[in-house]
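Novice: First, the structure itself, so that you have it in front of you.
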Amino acid sequence: MTSTSYPFDDTVQLSQIMPTQDDNAPIVGNNYAANVGINGNDSQQANVSTFSVSKKRACLTVFILLLVNLLNYMDRFTVAGVLIDVKHYYHDLGNSDAGIIQTAFICTYMVFSPIFGYLGDRYTRKYLMVFGILMWSVFTLASSFIPGDYFWAFVLLRALVGIGEASYSTIAPTIIADLFSKHQRTYALMVFYFAIPVGSGLGYIVGSIVAKWLGEWQWALRVTPLLGVICVILIIVVAVEPQRGMSENSQVHVSNSGLCTDIKDLIANKSFMLSSAGFTCVAFVTGALAFLAPSFMYYSTKFLSQMESESSISTTFGGITVLAGFIGVGMGAWLSRTYKRVNPRADPLVCAGGLLTCVPFLFFALFVSKYNTAATWVLIFFGETLLCLNWAITADILLYVVIPTRRSLAESGQILMSHLFGDAISPYIIGLIADSLADNHSNSKLPSVQFVSMQTALYLTTFVCVVGGAFYLATAIYVEQDKKKAEKISHGGIGGLRSDQEVRVAFTDGDHHEISTAS
């Protein structure tokens, strides 16, 4: 029996234990035991296939997924960047009606996420993503041609965009999880989740600038479809489809179980459920701010008698969001890794700290908005930075407390939960509260009335941040044991193995493993 050396420490290795000399050498991979029979105490030899991915190919795959995620969030928030123009075009929509645009998109996005999560655990993920990107590109382009008398058709097409995005968002993180492990996974997820704030910010910037240059807000929706087609080609030609669980160093195959079994296991996973509840609060707050903050700041400047255009405000907010995203996501990953050296529960504690410390910044940003615009922008920047600490860490928590064959379903479940009770309803709820307050005035459309009503309604986000922090603190109680449980199943679990059997796995030579059981 040969020995296996560990050439890298865990700050540079990508989970699979094999040496690398150059960019084309395989650095991640896994040997799977195919259809291994377990019969009492019999030892068996099983031939398995070896799948490996070069460093260059793995990094290129993450880069492509980053580009698609940037487009994903650019497309999602382009409408927010030109929302005042959209409201005027569709006959002076109210805040609640404008909120329905985003709510319709999020509703279909969250409903179809579990479907693609189920498919993503069982079928080729590359082609599911290709299907989704093509769908959202087509429907986004089509929505830019809807006449002003057919607002319902515009809402319908924006809703259909959510189907395409659901296929991508549920699957892409699981591909990263299969390519990287440990600290490398955290860094890869950090890169991937840069796209959320950065893409959102670019959505405001690109959308508002294109609309201003070309004179019509509809042109803002015609940018991402072309880029989406380019990304489809890159995924087909360059991106890799790794084997599920490849980065886990498992010497046995963890097979798919039934859907009902998967759902029951996920519901029983306390770390998954509590972190998803915390992330739902993050989604509620970010969804409300992302969709309504540019309009709120526009009314704030009018209240202060400042001559600011919607385009300049959207560009400023987009720039702040991009910068806050870079700093926040990177800081979250760094804090997680640093604190984890002394506390294995660091991840949920960092998330809780980010949410709780952003509360005073959001509160005072809303409070000073009727006095000073520059101070408001500064406070919004710090608040967004602290909110962004959570993105990559929450994804990492999910990936290490859930076994490989349930990760797509878990991603989709988290998406369903976070959007159903988060950003699917927050723009509409806050818009509805603002409209109710504005209706108490004789002229509810005045910018000063709109500003005060939206300011009051947005105070709700600070309370939700506190609730989210509490959920993450509760996650810290269970995260260690749930992680160990998932690792035990991934590294040594065999479908159908009795609880009184012990699994022993050892390297022999070449592509062979010795697998035996003992009662």
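Just so it is clear, glycine is given a Cβ too, placed from its N, Cα and C backbone atoms.
Whatever TrEMBL says is automated annotation, not expert-curated.
As the structure is a computational prediction, the values presented were derived from the model and not from experiment.
Pulled the feature table from TrEMBL, pasting it below:
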DOMAIN    61-480  domain 'Major facilitator superfamily (MFS) profile'
TRANSMEM  58-79  transmembrane segment
TRANSMEM  99-120  transmembrane segment
TRANSMEM  127-146  transmembrane segment
TRANSMEM  152-175  transmembrane segment
TRANSMEM  187-207  transmembrane segment
TRANSMEM  219-240  transmembrane segment
TRANSMEM  272-293  transmembrane segment
TRANSMEM  313-336  transmembrane segment
TRANSMEM  348-368  transmembrane segment
TRANSMEM  374-403  transmembrane segment
TRANSMEM  415-437  transmembrane segment
TRANSMEM  457-479  transmembrane segment
Novice: With the transmembrane segment (374-403) as the reference, which stretch in 99-120, 127-146, 219-240, 313-336 has the largest tally of C-beta pairs below 8 Å?
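Specialist: Between the stretches 99-120, 127-146, 219-240, 313-336, 313-336 has the largest tally.
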Novice: Go through 58-79, 187-207, 415-437, 457-479 and flag the stretch with the largest number of C-beta pairs under 8 Å relative to the transmembrane segment (152-175).
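Specialist: The stretch with the most close Cβ contacts to the transmembrane segment (152-175) is 58-79.
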Novice: Considering pairs 6 or more residues apart, do the transmembrane segment (348-368) and the transmembrane segment (127-146) have at least three CB pairs under 8 Å?
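Specialist: Per Cβ check, the transmembrane segment (348-368) does not touch the transmembrane segment (127-146).
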